[in-house]
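Student: Below are the features listed in TrEMBL for this protein:
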TRANSMEM  21-38  transmembrane segment
TRANSMEM  44-60  transmembrane segment
DOMAIN    81-209  domain 'Type II secretion system protein GspF'
TRANSMEM  195-212  transmembrane segment
TRANSMEM  224-243  transmembrane segment
Amino acid sequence: METNLKRRDYHKYLWKKGEKFRTILICIGITGILAYFFYRSLWAMIPLSAVGILAFYQFGKEKAERAREELAIQFRECILSVAASLQAGYSVENAFIECRQDMVLMYGETALICDELDFIRRGLKINISLEELLMDMANRSDCEDIAQFAQIFSLAKRNGGNMSEIIRSSAGQIGKQIELRQEVQMLLGSKKMELTIMKVMPFGILFYINMGNPGYFDSLYHNLMGIGIMTGCLILYLGAYLMGEYIMKGIMAEMA
């Protein structure tokens, strides 16, 4: 859709004030921990900064995914409000404009859905059809729930029908899909905790041994052979970390 209106791209996370700086500090901390445990050298943070950069982008990707899921949940409540307004006699366009007040009461002025409803209102003012605006939201958010609703809405608008009932039915279907994803998340919660413990455990063991036997690992630092061994251990650790994340995502995709 060609328009000069400012639109949010949900494939990229929009960092909040101070959030980006805090995440950078966390990534620096991760780099520092790796440099200490594997090399006992601040200089090692320079090549290991690549890991910190990758961690930063991974954090951003995960936050973007959570934002898309948050938008899907808010969108469901939005179309339920729209359905109620349609029953009260509003046109579908005015129903989307008016439901913003309900969304502010439910989620606050800064909610993602409020920004989207503002965009819809501005688009309608310059004669962009509601079907185009909804499909644009679906494309930007890459949200299957919103895309399905946009397609159903477009067909219903073109062919006619009980718009209120169609929207209410779509909201129910979206709600079921969201509930299913949340159930999957709950079922995998313990597995995620186990994976987190496995990620942290090697550092806990190293710290415990080092505290109980100071100097026990000194032969592995500040010499060529030790650097080679610890680099191999680091590669194995990062490989196991990525494998764990890959397996977890595969399980989530299969269960969903």
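Cβ coordinates are placed from backbone N, Cα and C, and glycine is handled just like the others.
In the displayed structure, how are the listed features positioned relative to their neighbours?
Tutor: Residues 33, 37, 237, 241, 244-245, 248 of the same chain sit 6 or more residues outside the transmembrane segment (195-212) yet have a Cβ under 8 Å from a Cβ within it.
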Student: Hey, which bits of the same chain come close to the transmembrane segment (44-60), Cβ under 8 Å, at least six residues off its ends?
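Tutor: Residues 12-13, 15, 23-24, 26-28, 30-32, 34-35, 38, 238 contact the transmembrane segment (44-60) from elsewhere in the chain.
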Student: Kindly report the helix/strand/coil residue split of the domain 'Type II secretion system protein GspF' (81-209) according to DSSP, in that order.
Tutor: 111 helix, 0 strand, 18 coil
Student: Please report, as numbers and ranges, the same-chain residues at least 6 past the borders of the transmembrane segment (224-243) whose CB is under 8 Å from any CB of it.
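Tutor: That would be 34, 38-39, 51, 199, 202.
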